[in-house]
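Q: Just lifted these from TrEMBL, have a look:
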TRANSMEM  B:12-33  transmembrane segment
TRANSMEM  B:40-61  transmembrane segment
TRANSMEM  B:67-87  transmembrane segment
TRANSMEM  B:94-113  transmembrane segment
TRANSMEM  B:133-151  transmembrane segment
TRANSMEM  B:182-207  transmembrane segment
TRANSMEM  B:219-244  transmembrane segment
TRANSMEM  B:256-275  transmembrane segment
Amino acid sequence: MLAQQLVNALSLGSVYALFALGFTLIFGVLGVINLAHGAVFMVGAYAALQAVVLAGLPIWAALIVAFLVSGLFGLVIDILVLSPLRKRHAPHLIPMIATIGVAIVLNSAVQGIFGADNLRFPPGVVPDEAIEAGGLHITAVEIGIILLTFAIMVLLLLGLRRTSIGKALRAVAESPKAAALLGIDVEGLLRKTSFLAAALGGAAGVMISLYSNAVYPLMGQPMLHKGIAVIILGGMGDIRGALIGGLFLGFAEVFAVAYIGSTMRDAVAFGLLFLILLVRPTGLFGKASERKA
Amino acid sequence: MDAFLLWFDEFWAVYSNLILTLGINALLALSIWLTLACGLLALANAAFMGIGAYAGALATMNYDSPFALSLVVAMAAPSLVALAIGVPVLRLGGVYLAMATLGFGEVVRVVILNTESITGGALGLNGIPQQTQWWHVALALAIVVFMLARLHRSKTGRAFEAIKVDETAAGLMGIDLRAHKLLAFVLGAAIAGLAGALNAHLTFFIGPQEYGFDRGVEILTMAILGGIGSLIGPVIGAFFLTLLPELLRGLADFRLIVNGLILVSVVLFLPNGLWDPARIRNWFGARR
Amino acid sequence: MLELASISKSFGGLKVLDHVSLKVPQGAIFGLIGPNGAGKTTVFNLITGLIPPTSGTITFDGTDLAGLAPHRITRLGIARTFQNIRIFNEMSLLENVLVGRHRHINYGVAEMLFSLPRYRAQEEAARARALELLGWVGLAGKAGEIADTLSYGEQRRLEIARALATEPRLLLLDEPVAGMNPAEKTELMSAVRAINARGYTIFLIEHDMRFVMGLCERVAVLNFGRIITCDKPEAVRNNHDVIEAYLGRDDEADTRETA
């Protein structure tokens, strides 16, 4: 029983982490609360669905399609909206409001094209088999989610630490001005970040739509709320924090349902969130450092 | 004259709700303007609105409190909550505060959901007496605008602005930063609570979903869109955002898309919001 | 009046101030000089409560300033200006100074809301005082202008007027003539002297030797976080250690000091 809950928590937490990863990347590097992240997450799910249904691609290829399509959306949003706002040094909440507008446009466009109904991947897209071992039930999707999340996380952390882009990125997150003085192409780097963050969001969208077998226009909204919780829990703008916060939220929810009752799922998670806000407003694992206004 | 009265009756029957909503949304936009004017990016106003709505509605329904008293309760309850969470949360700056207050909003929503015996949980509260008259809203808006305008011109208003521009320098002017931030936060909560109760006693029904994340963001959008340089901006922003979906009704399915595009365009092309006195002066060729 | 007793301050592992002791006597114009990066602005930041000292005590007229928030210290009678000017850009000059009057304007909520006589009298008095203070620094004629439009030197003078508005007994000036031309410097020198003559004690940090030597009664020299001497200007000028510190000055440290 406990082992099963651990598996469930791990896969749910991985999805949250995957979503929060892109969200926190934009928050940490661009200093923007990107409320369109839920929308690109949804776009990813639809892109994969179309790739499977229309082009008959296998799911791994559809995942790549989703990754690229979402990333492209992120890039376009950056070029059309975020970049002009950066250039005129708009105060913090301005880009956030712009991303609300973007989210409304994307959500309603998708709804206009595909309808508001709940769509599903055709059966057999992912292997139906599940591993049954010692009373443990793990589906292929769950294994895929967990592996993918950890693989992406490791790649990202290694990338940040080892590659020159990663080093430049950390410099920009620390201080865009100083980075520019060091000859780093800040603007280009921020574009890449927007692409990557959106692409990760799209991948998360595919994973969760496989996990819960549902694709619908507003699927990103509840995730956005979780994303905020994860970022606060894990430490704002911190990449490892996204993983830790995501898993933490996954565990809190699963165990709340298992041991307290299903109505308490959100209550426990957000109760914890509230306590953390009061005691450690920068998050459980976040440093107390603050981005300058 | 009779013809006019007839026309007016019809007009009012169709649009009274919309017009009252305009006023209530203006109150909400002003509630967040207070904290924004103090440089605080706090996004808890939807939650405060919800607390006020529930407190007011419960006072009316369970305790037969007169409307005026319900409104007072609706202002007091969120103020107390704001006082309690303000102390730790207002230590945060910039986007971190925004994030934390968004998180707080979710907490409130979940609390309402999980206290079914009092709040009706996900089903919400039904059958709230419809006591809000048009002049209640008009009077509330007038009083709030008047008080904020006076406040804006007083030493407290100057202190808010100083804190917004440069906290450190403001502190060294002898201004108690924490007290002023808390004041802005609590007053904003009271106004949001008032708006919540007026709304609750208008719509007959309230539910936790109305006071979530989306509402919080909408309130902020109204204020920023209108422009936070003066009191007029948030009111205009509230009117604009409330009327826009109505005006776009003819576009049917594309309505929301256009709505979103307009939002993005205003942010991109009108940096100081719709109401920007400097720009308007420039249009008329007058110079400072 | 102001006394720093064995103040030390470290940032991370870096010791910026090392057992600094100073006494600023009542009524004086006291100067603190030293190479860039010596820790001068840190001294002001400690006095005004922006950062806490690692060890040591600061007392002002016998009151220990430890742990007091900046606004409390201001209310005790210490005001300052900043090396990198920090005026309220979008307010008028008058409003800038009025912000400084914050603690000296007293009215209740009802008086404010209904513009009762006390409110009007208090605001009027604050306005009059603000204009007077702007006059002291030669800016009375520009009271209605937006602060952002002022020249560099004018902004520095506005900062002084704004600091005076808090009715301090001790005025801390952080590089008051930085970026000014010689004529402006001479003008400010007489303005500072006049302010001092009105009974304000002045403690200033400055690079401009002519300004410091011409103005101050006593000058302390800070080098690498230590006070190397504190004496009359002539004595300081001829002090061997001081000459050494300035000639053997290490330019690497230049960027370390920020407000």
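A Cβ is built for glycine as well, from the same backbone N, Cα and C atoms used for every other residue.
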Q: Can you say which of B:12-33, B:94-113, B:133-151, B:182-207, B:256-275 has the most Cβ pairs under 8 Å with the transmembrane segment (B:219-244)?
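A: Looking only at B:12-33, B:94-113, B:133-151, B:182-207, B:256-275, the most contacts with the transmembrane segment (B:219-244) come from B:12-33.
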Q: Same-chain Cβ contacts of the transmembrane segment (B:133-151) under 8 Å, 6 or more residues past its ends?
A: 16, 19-20, 23-24, 26-27, 30, 33-34, 67, 157, 191, 194-195, 198, 231, 235
Q: Looking at the stretches B:12-33, B:67-87, B:94-113, B:182-207, B:256-275, which one shares the most CB pairs under 8 Å with the transmembrane segment (B:40-61)?
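A: Against the transmembrane segment (B:40-61), the leading stretch is B:182-207.
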Q: Near the transmembrane segment (B:182-207), which residues from the same chain, at least 6 beyond its ends, have a CB less than 8 A from one of its CBs?
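A: Tertiary neighbours of the transmembrane segment (B:182-207) are 17, 20-21, 23-25, 27-28, 30-32, 34-35, 37-38, 40, 42, 44-46, 48-57, 60, 67, 70-71, 73-79, 81-83, 86-87, 90, 120, 122-132, 136-137, 140, 144, 156, 160, 219.
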Q: With Cβ-Cβ distances below 8 Å as the criterion, list the same-chain residues six or more beyond the ends of the transmembrane segment (B:12-33) that contact it, or say none.
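A: For the transmembrane segment (B:12-33), the nonlocal Cβ contacts are 42-43, 45, 48-49, 132, 134, 137-138, 140-141, 144-145, 148, 188-189, 191-192, 194-195, 198-199, 202, 219-220, 222-223, 226, 228, 231, 233-235, 237-239, 241-243, 246.
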Q: Please report, as numbers and ranges, the same-chain residues at least 6 past the borders of the transmembrane segment (B:256-275) whose CB is under 8 Å from any CB of it.
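A: Contacts with the transmembrane segment (B:256-275): 221, 224-230, 232-233, 236-237, 240, 244-245, 248.
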Q: Other than its close neighbours in sequence, what residues sit by the transmembrane segment (B:94-113), given a CB gap under 8 Å and a spacing of at least six beyond its ends?
A: 40-44, 46-47, 50-51, 54, 85, 119, 121-122, 208-209, 211-213, 216
